[in-house]
Ligand code: HEC
Ligand SMILES: [Cu+2]
């Protein structure tokens, strides 16, 4: 009786665990709600295996309970019951049935394993996107369109996207659960992966391979839009941003060229070209992005400036361990390099970056 009581005491613990673990489904990171053909096929294999497993479990459990009850010790019974050993018929049955069940699971699994590993890098109809995992952000380069962005991956619906997965540092893993399974980005090699979105929508992505302090904050968004809207977006990424008009934004532009351009590419309104380094995210049309640093959401107007200020005030407070130098001096910060900017300069940079969009 005692033992039972202590087992019951664990129930609240399991109940709490259930709630905590289901919290992992934050922002629709689920493979159970597929939004594209790859995820649908994968889910169908999950369901098939699940049905077979539940079936086997049910049959075994029923036989087990039946045997327990049917052959239990009756009152007055003495001695051990008749011992049975070896039964050809039974042995064949319990070997052949699991064998057949495994074949049933193997057929779609093997078929999809090859089908979903198809290389679309030479397919003229597929959109070629190079994905580079960085500690702790994602870079997306549209190889034929010559457009680069970060954190927000814009894709057209109904078209196969051929991903060329690479890493700038350690191993990361590219994962958009509602569109399909994950695949690693490995330093020094390119892994091919493909996905497709059926419907317009925003699908959440995450790095799925422990890659450092802010691994859990290495998020990105896939925004599936209509093919027409996608073409418009590509055009907008190639159209020079309007020159800064306010004095504050112009000051920000100067500071940016001086302090930030070595790492971040952006439109140069004079030369009408994208210029700058590739160490940090490309900031062309930055004000159109859905987040700052992939994690601070720009949901309402005004959020962008607040988020930018938060980021530039202390990037380590937002994403611990990230590799951007501190724009301001932050006493006791893990990041030792500082660009020595003051609040007024930060505000000018915020004003400048918040104006990086098509007017
Ligand atoms: C030494 C290179 C370097 C310099 C210099 C630098 N940054 Fe960065 N920056 C980075 C890196 C790396 C990241 C990505 C951090 C992350 O998300 O892990 C980043 C991220 C950002 C982001 C967020 C980008 C996004 O995708 O949302 C902004 C905005 C930004 N930097 C602005 C600036 C500004 C403004 C300056 C100049 C004051 C500057 N950076 C100077 C390397 C740099
Ligand atoms: Cu990562």
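Even glycines carry a Cβ here, placed using N, Cα and C.
Source: prediction; values computed, not measured.
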Query raised in the report: Looking at the ranges 20-44, 45-69, which is given as transmembrane segment in TrEMBL?
Result: 45-69
Requested in this report: For the transmembrane segment entry in TrEMBL, name the matching range from 90-110, 111-131.
Outcome: 90-110
Report summary line: Taken over the domain 'Cytochrome c' (247-357), the predicted model's pLDDT averages 94
Query raised in the report: Which residue counts does DSSP yield for the domain 'Cytochrome oxidase subunit II transmembrane region profile' (23-120) in the helix, strand and coil classes, in that order?
Result: 68 helix, 0 strand, 30 coil
